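Q: Mind having a look at this structure? Questions to follow.
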Amino acid sequence: MGLLPVVGITSPALITHKNHANPKIQRHNQSTSETTVSWTSRINLLTRNGRLAEAAKEFSDMTLAGVEPNHITFIALLSGCGDFTSGSEALGDLLHGYACKLGLDRNHVMVGTAIIGMYSKRGRFKKARLVFDYMEDKNSVTWNTMIDGYMRSGQVDNAAKMFDKMPERDLISWTAMINGFVKKGYQEEALLWFREMQISGVKPDYVAIIAALNACTNLGALSFGLWVHRYVLSQDFKNNVRVSNSLIDLYCRCGCVEFARQVFYNMEKRTVVSWNSVIVGFAANGNAHESLVYFRKMQEKGFKPDAVTFTGALTACSHVGLVEEGLRYFQIMKCDYRISPRIEHYGCLVDLYSRAGRLEDALKLVQSMPMKPNEVVIGSLLAACSNHGNNIVLAERLMKHLTDLNVKSHSNYVILSNMYAADGKWEGASKMRRKMKGLGLKKQPGFSSIEIDDCMHVFMAGDNAHVETTYIREVLELISSDLRLQGCVVETLAGDLLNA
């Protein structure tokens, strides 16, 4: 039976107090406390197994039997309403109403917090905030639930305001903020809060450390990452597998493969994720042969490669032109490990063929893919058309596919425009430029960053936002002058920086 019909049928019972229940039903209720426990136990078991509709039916039968639910009953059901989407919103509202009738939403901190959590997970923050403000007593879990909900939905300012109002901030509060900043792309803020957390005397756990390392990875903040690594060693987190995996990702992203190698070899225990980190990371850094060595060692150690592992192996083959070996790995993945190829695997093969100049093979693969090729796959082949023989005919076909996919990337138009220009077809090049202008496509400005005293300074072309812009320009002019005195020609890029 579906959830909503159950709720619709039993809603009168859900708001019936036990003192007004049917006397005939009440006679069956010989031991209310024991019966409440048994009913709640069944409801909790059903909810934990994802059977929310059956749990709702059980709750309906419980109320019809004249048995009053306790706080554990409400917490179990409210948790289910937050975790499952199909039809649970109406049940959540009814449970909230029933809890209000019993006064549990205001006077029982655990029930009130569960209601807040349910509304937050469903994105109903106005309702969650009303319940929060109405509660007489709040504990740290209540505050943290609101903060976590705000951060999950990207309401960073509201989360920060809630954090500032907290009477006491604990580890979970700080971690929710730091983790939320990372997930929503506020990497620099995450690192600032991580430092503030330590200054405040709260010792980070492995979850907060991983969040900080992820922020360092996304920013390329190697110095701060090294500092976090030293902290990890001093606080005996070095045997935490997840922390070590994050360190490997950080060092590979920053190009420090030797540091990544050291972390990997010092691990007492490794998981598939650990092996994937070095295989993918080394492949991305041009250490393709070593990446494939790790791929073989992984299997020798008894670890079963997964889809991510094969993405790393195929990437490695692509970077060093091992076409036949890459095709062999693709077959091993499908036949030996029964892994259904994803679009990223096909993308690796297209890149493998394209880098080797085998454009016809790459095109045949794209046409035979079981799924619709995306802009990454077609864009890879388009770039290869420029690099291998300036194949304008194929490039035009690929550009039509990208247009059909509604892909509006300036880089694809630039590639085709340059191909026309290289072939002396100036009208075609001009047409591509006009299309770019008509679509409002502009080249995304590149940026560079430098880390000084654990602070990231990011610079973009034409950006004057940095507080030291004037001083930076003066220093850049001095460097350019010295270069000219030494007989060096200042590149256009340097001139652009000065004139930006």
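Every residue, even glycine, has its Cβ placed from backbone N, Cα and C.
Pulled these features from Swiss-Prot for this protein:
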TRANSIT   1-54  transit peptide
REPEAT    108-138  repeat 'PPR 3'
REPEAT    205-239  repeat 'PPR 6'
REPEAT    240-270  repeat 'PPR 7'
REPEAT    271-305  repeat 'PPR 8'
REPEAT    306-336  repeat 'PPR 9'
REPEAT    342-376  repeat 'PPR 10'
REGION    377-453  region 'Type E motif'
REGION    454-484  region 'Type E(+) motif'
Q: The repeat 'PPR 10' (342-376) and the repeat 'PPR 9' (306-336): do they have three or more Cβ pairs under 8 Å, with pairs 6 or more apart in sequence?
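A: By the criterion, they touch.
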Q: Sequence-remote contacts (6 or more beyond its ends) of the repeat 'PPR 10' (342-376), Cβ cut-off under 8 Å?
A: 307, 310-311, 314-315, 317-319, 321, 323, 326-327, 330, 333, 383-385, 387-389, 391, 394, 401-402, 405, 407, 409, 412
Q: Please report, as numbers and ranges, the same-chain residues at least 6 past the borders of the repeat 'PPR 8' (271-305) whose CB is under 8 Å from any CB of it.
A: 241, 244-245, 248-249, 251-253, 255, 257, 260-261, 264, 311-313, 315-317, 319-320, 322, 325, 333, 337
Q: What is the average pLDDT across the region 'Type E(+) motif' (454-484)?
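A: Computed over the region 'Type E(+) motif' (454-484), the mean pLDDT is 73 on the 0 to 100 scale.
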Q: On the DSSP side of things, how many residues of the repeat 'PPR 10' (342-376) fall into helix, strand and coil, could you say?
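A: So the repeat 'PPR 10' (342-376) is made up of 25 helix, 0 strand, 10 coil.
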